[in-house]
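Report on the structure given below.
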Amino acid sequence: MKYRGRLSAEQFEAFMARYFPTFMGGSLLCMLAGGGGIAMWQHGYLRGMPDGRMYALAAGLILFLLISVGQIALIRGFRWGVWLVLPSLLGPALAAVGLFGTRYAGAGQMGILVMSLAGLLVINSKKHRAMRKRLEEMRLQRKGVIPATLSDEFPDGPPPDKPWMTYLVLGLVAIIILGKIYLFFWG
């Protein structure tokens, strides 16, 4: 291995095949639940307030900052990054629960609540925790604290044979992008 803590091509392929769908699923659920939660918060709680749009814009910018910094920290192997991502799931869940029994309750509220809870399940899953642990090990290997893995070892195991989750995540990304294009041009 040329650089300390670097993965070989086979190790990188095994790592990405094993953990990328889980990471992207959690990221997409964070973004969708957070964006939907802000829209629901603006529609349900801030309706009629003169500065309601500015509050929603500020909440969106804070959400963007938390998710971006949290995901980058997770990728770099810092365990505290998950604590920056969690508010993007807990906030919409609390806002959705707070609207039960009002005239704003409906399918959108249930969808946001389900996305938030599903995102919390993904972040707390065994595979996501294993990914965070492995990323932390890789960070420590880059720093030289622990020895690097040999290029013929696969600490993440061989890549899975059926990457169905990868196709599901890519399909969701394609649907989201097509929806945004549709809303931009014809919405």
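Using N, Cα and C of the backbone, Cβ positions are placed for all residues, glycine too.
The annotation transmembrane segment is assigned in TrEMBL to 20-42 (among others).
Residues annotated as transmembrane segment in TrEMBL: 54-75 (among others).
Sequence-remote contacts of a segment are chain residues at least 6 beyond its ends whose Cβ falls under 8 Å from one of its Cβ atoms, and for the transmembrane segment (82-101) they are 26, 29-31, 33-34, 36-38, 40-41, 44-45, 63, 66-67, 69-71, 73-74, 109-110, 112-113, 115-117, 119-120, 123, 132. Per TrEMBL, the feature transmembrane segment maps to 82-101 (among others).
Positions annotated as transmembrane segment by TrEMBL: 107-124 (among others).
With a threshold of 8 Å between CB atoms, the same-chain residues lying at least 6 positions outside the transmembrane segment (164-185) that come near it are 17, 20-22, 24-25, 28, 32. Annotation comment: TrEMBL describes 164-185 (among others) as transmembrane segment.
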